[in-house]
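**Student:** As annotated by Swiss-Prot, domain 'RCK C-terminal 1' applies to 179-262, with the evidence given as sequence analysis. According to Swiss-Prot, the domain 'RCK C-terminal 2' annotation covers 263-346, on the basis of sequence analysis. Residues or ranges marked as transmembrane segment by Swiss-Prot: 7-26, 30-52, 59-77, 87-109, 116-134, 139-161, 356-376, 386-408, 421-440, 445-467, 474-496, 506-528.
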Amino acid sequence: MFTDLLHSSYFSLFLIVALGFMLGRIKIKGLSLDVSAVIFIALLFGHFGVIIPKELGNFGLVLFIFTIGIQAGPGFFDSFRSKGKTLILITMLIICSACLTAVGLKYAFDIDTPSVVGLIAGALTSTPGLAVAIDSTHSPLASIAYGIAYPFGVIGVILFVKLLPKIMRVNLDQEARRLEIERRGQFPELGTCIYRVTNASVFNRSLMQINARAMTGAVISRLKHKDEISIPTAHTVLHEGDYIQAVGSEESLNQLSVLIGEREEGELPLDKTQEIESLLLTKKDMINKQLGDLNLQKNFGCTVTRVRRSGIDLSPSPDLALKFGDKLMVVGEKEGIKGVARLLGNNAKKLSDTDFFPIAMGIVLGVLFGKLNISFSDTLSFSPGLTGGVLMVALVLSAVGKTGPIIWSMSGPANQLLRQLGLLLFLAEVGTSAGKNLVATFQESGLLMFGVGAAITVVPMLVAVIVGRLVFKINILDLLGTITGGMTSTPGLAAADSMVDSNIPSVAYATVYPIAMVFLILFIQVISSAVY
């Protein structure tokens, strides 16, 4: 009966997942496999003939990659601009060192070219690479070599990623917190203080004439004239002895002091008719609109003092493009704030709702894009493939944010759930597929081909660590993402993802993966045609 159940793919799938989680929770000297343990259980089941359908694996793969891209999209382009050149250079070193290792060992052990390109594709777990290897060599030896190198290509990257922080004695959680503080430093913390108008050059001049926001970056949120407190407009006139309250970074507040007058600590109390509220942007029509275009002061008599996005307070400049889920701190009279709330949406439930149409449409577009075949010449062509197509489309859609009524984003809990589900399906299928031929390939081909494949897997990662840490001084979270992306290893990314509560590895992975995929395909084609 149990044997019959094992032939049921859905029973085997959930049994593999359950046993994988049990194994993943076992810690030895503080090291555990976490979700990566699923693939080891799957390898064992695959050896005994259990099969998970390929379609389930592909379904899981597109879910996992799409959720990675949707989350990483906005950070991807920022990362590409700030440190993209360094990460791409390390990625090129990974691909080059893998191919040079393979070619060197080919001549050392007299291995045929089809087997070498198959070993490269397997060691870097690249199915598009295998397709190119078979197409370029017209030999079944490429797929056999791929099967030999693939299991260690999966397991080796997972173990390397798990062990690297221990070997380097780096606490990933502490490193993530340090990088978060560093990131926040790029967006200075906003403060509030009051000023007494003592600079004669601003007496009897309006805020529009003074142009304080453009000159200092600070936002003037309240004014006290005589004993009356109000929310200033562009036409509000300053008088000697007035008090104003402003919000901004320490630098902008200091600059405002030079412009206005004496700086004092404290806050001006709100008038009884005024309130301050935190409002959520959840209305589709408002996404990507600039804050200044809303004319909140003119239309509602309200002022935005700060915008909170992804845990960071942003200065509410007029050209700030609003994003879904932004939290705006608004000051104004009660009725005015109600009007702003209606304009923005302010519906917390919408943040947790999951709209499956953007997910389905995004994956469809990604799969179609992956089918494109870009020809550079009669002998050289490139196709993004399933993984590359879905990832690149998800990155672009996430960065765009909104197309007409469609919002290309997901709530955090929904993203994590779909990502974990996709990953488990993918690992279970990949593991059983690799496990069924594991022993047979060892018996037929011996340890030589396996050893060469293992070297092609390990050497590039060592090169990346040495160059990345010693030459470029890259933090370990970016390095883990770059290694897994450069090795085109989705299971490796999953291992890194499970070790730390940060999306830094995912952003680095998304930054370099498309580059790695293109270079790997080009190198395999060159080796297939030029190396004998």
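The backbone N, Cα and C atoms fix where each Cβ goes, glycine too.
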**Student:** When secondary structure is assigned with DSSP, how many helix, strand and coil residues does the domain 'RCK C-terminal 2' (263-346) contain?
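**Tutor:** Going through the domain 'RCK C-terminal 2' (263-346) residue by residue, I get 23 helix, 30 strand, 31 coil.
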**Student:** Cβ under 8 Å, sequence separation of at least 6 from the ends of the transmembrane segment (356-376): give me the contacting residues as numbers and ranges.
**Tutor:** 62-63, 65-66, 70, 382-394, 397, 406-410, 418
**Student:** Counting only pairs 6 or more apart in sequence, are there at least 3 Cβ pairs under 8 Å between the transmembrane segment (445-467) and the transmembrane segment (139-161)?
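**Tutor:** Answer yes: the transmembrane segment (445-467) meets the transmembrane segment (139-161) with 3 or more Cβ pairs below 8 Å.
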**Student:** Quick one: mean pLDDT on the domain 'RCK C-terminal 2' (263-346)?
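**Tutor:** Taking every residue of the domain 'RCK C-terminal 2' (263-346) together, the mean pLDDT is 82.
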**Student:** Do any residues of this chain, six or more beyond the ends of the transmembrane segment (421-440), have a C-beta under 8 angstroms from a C-beta of it, and if so which?
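**Tutor:** Non-local partners: 12-13, 16-17, 20, 35-36, 38-47, 49-54, 56-67, 147, 150-151, 154, 490-491, 494.
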